[in-house]
Amino acid sequence: MQFQWYPGHMTKAKRQMQEDIKLVDLVIELVDARIPVSSRNPDIDTLGKGKARLILLNKSDLADERKNEGWTEFFKKKGYYVVRMDARNKGSMKQVSAIIAEACKEKTERDLRRGIKNRPVRAMVVGIPNVGKSTFINTFAGKACAKTGNKPGVTKGKQWIRLNKNVELLDTPGILWPKFEDQSVGLRLALIGSIKDDILNIDELSLELIQILREEYPGVLKERYGMEEEGTPAEMLEKIALNRGCIKKGNEVDYAKAAALVLDEFRTGKLGKISLEKPEVEA
Ligand code: G4P
């Protein structure tokens, strides 16, 4: 699912979220574990002020495990509860439930002191498009009750999903927008496939990816495409094309096909578990 954002969208989405956040005790924010900074919108820190905060490092199955650990520590130090997960996998949800209980312990104890017993924790899910919000809600709730393709700004009657006796989840996720102003953010979102490919130059994007991989994950391209990691990224793309038989009529190298292939293999994890952001740089 890819979005086109306009200032009008953003104002509406923000207003909606301000209203929704008032109703909850806990904000569950999903980020993409491969780019935890670029896949966040810092406005959520102001919007979620005073609420318990949980960050889910989602798609961690595609990200570098050591960096996942680093990011977990990074966010914990900033006062968030953190869980690494694969939103498609029911197995991750036990840990999420346990952390929700922990994150809301203070609220539960406060309720008890006031004589309120068994009032469930109310939570909402937020995040930029494509981080896995709908998938998470579906898996967590255990049935297909989250509608995919939620449009920002569409107001419906509030629906709560009762997850267990302790937790209720707002059924519609809050959609945040990425930080478009920052070019490196745009590049990283494009690399993971969250920005429409047809508005980007695929060849350029694949060259950026080759450059990053060569610097940060030496040996990965060699192993996958059986070539030496030498020369310019364009020369390397040519070697990938030859290795994979990306040849056009007239024996010409099909760069576009090779570019699409290397991007797809990165996005689907065929090049291995790779993260594009490191906590020590972003700290
Ligand atoms: P959203 O509501 O935040 O917009 O995201 P959504 O749940 O629609 O998920 C976006 C895509 O990411 C889906 O792929 C979904 O299966 C995939 N996804 C979600 N969580 C995870 C995860 O933890 N690991 C991996 N590997 N994938 C995950 P899709 O259905 O193929 O859609 P698309 O990417 O082709 O648009």
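Glycine residues also receive a Cβ, built from the backbone N, Cα and C atoms like all the rest.
Over in TrEMBL, the protein carries these features:
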{"type": "DOMAIN", "residues": "10-178", "note": "domain 'CP-type G'"}
{"type": "BINDING", "residues": "N58, K59, S60, D61, N130, V131, G132, K133, S134, T135, G174", "note": "GTP binding site"}
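DSSP assigns N130 (GTP binding site) to coil in the three-state reduction, placing it in neither a helix nor a strand. In this structure, N58, S134 are the binding-site residues from N58, S60, S134, G174 whose C-beta falls under 6 Å of some atom of ligand 1. Ranking the binding-site residues S60, N130, S134 by C-beta neighbours within 10 Å puts S60 at the top. N58 (GTP binding site) carries a strand DSSP state (E or B). Across the binding-site residues listed here (G132, G174), the residue whose Cβ sits among the most other Cβ atoms within 10 Å is G174.
Listed in sequence order, L30, V31, D32, A33, M85, D86, A87, V131, G132, F136 are the same-chain residues at least 6 apart in sequence whose CB falls under 8 Å from the CB of N58 (GTP binding site). Put simply, the two farthest-apart Cα atoms among N58, K59, S60, D61, N130, V131, G132, K133, S134, T135, G174, the recorded binders of GTP, are 24 Å from each other.
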